[in-house]
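Notes follow once the structure below has been shown.
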Amino acid sequence: MNHQSEKINHILEALPYLINYSGKTIVIKYGGAAMVEEELKASFAEDIVLLKYLGINPVVVHGGGPEINSLIKSLNLNTQFIRGHRVTDEATMEVVEMVLTGKVNKQIVSLIQEKGGKPVGLSGKDGGLAIAEKYLMEVEAEDGKSQKIDLGLVGEITSVDPNIILTLQREGFIPIISPVAMSKEGQTLNINADTMAGAIAQALHADKLILLTDTPGILIDGQLVTGLKKVDIHGYIKTGQISGGMIPKVECCLGAIDSGVKRAHIIDGRVPHSVLIEILTNQGIGSLIEQG
């Protein structure tokens, strides 16, 4: 087979996926190394723009942990994580919103626009997109009893109004969403970006939810597991084989598929064009989470 024929075959491999996902919505959580390394930033932006021009509707929800950590450190503020959630006081909340909505969001918008897309940056506070309430984390104490931990100004989404996203999509724009929301009382709350992505995927009845990470996917005993069912995940969390920042990722995937999102994926954002590999190739990449 000559080189040109090989290229054509690679393009044709994508055909059934293009037919399947044409006009559909895919929510992508963008974070980790893919937001730091220049090559990965460029390849991610290219993936998003290409998907839009192919007739697929990508919605990007982003994190920004490294940028937040850097500014918190320079301001001599303390930071703590519990099961992947940042404990957030008022000073930290100011930093979080400034970095996520004021800086990182606009950087992503600029990058995607540079690649030929029409991105629009917003946060969960804009257009009443996401309403949240304070999140009290339930954990098991040493005596086996359940207890709740106050994480400060950390929220959990109670409702999502997708109208602003749907309006942007109809006009050909790509929504880029910062994970900051507001309570009914007007209090600004920090939302875990994975959790925000899952809630938005549910509200949009997305076909796919994709979370970019700095691991090959879900690792159990150091080995990549390419397919997991709900019952497996609960067991792995209980035994500690899934822990730390991976817990909110798998929990948001489970919530999404429970609410009608067809497929949820945790993939390696360190691989250039990982989003296209997952959506448009037979092999895919990372871990698939499904019902069962």
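Note that Cβ sites are derived from N, Cα and C of the backbone, with glycine treated the same way.
For the substrate site, Swiss-Prot lists G64, G65, N190; matching the candidates R83, R86, R170 against that entry yields R86. Comparing R86 (substrate binding site) with K29 (site 'Transition state stabilizer'), their Cα atoms are 17 Å apart once rounded.
When the record's substrate-binding residues G64, G65, R86, N190 are compared pairwise by CA position, the greatest distance found is 12 Å. With all protein chains in the displayed structure included, the most crowded Cβ environment within 10 Å among the binding-site residues G64, G65 is that of G64. Closest by Cα distance to K249 (site 'Transition state stabilizer'), from the recorded positions K29, G65, N190, is K29.
For R86 (substrate binding site), the count of additional Cβ atoms within 10 Å of its Cβ stands at 21 [all protein chains shown].
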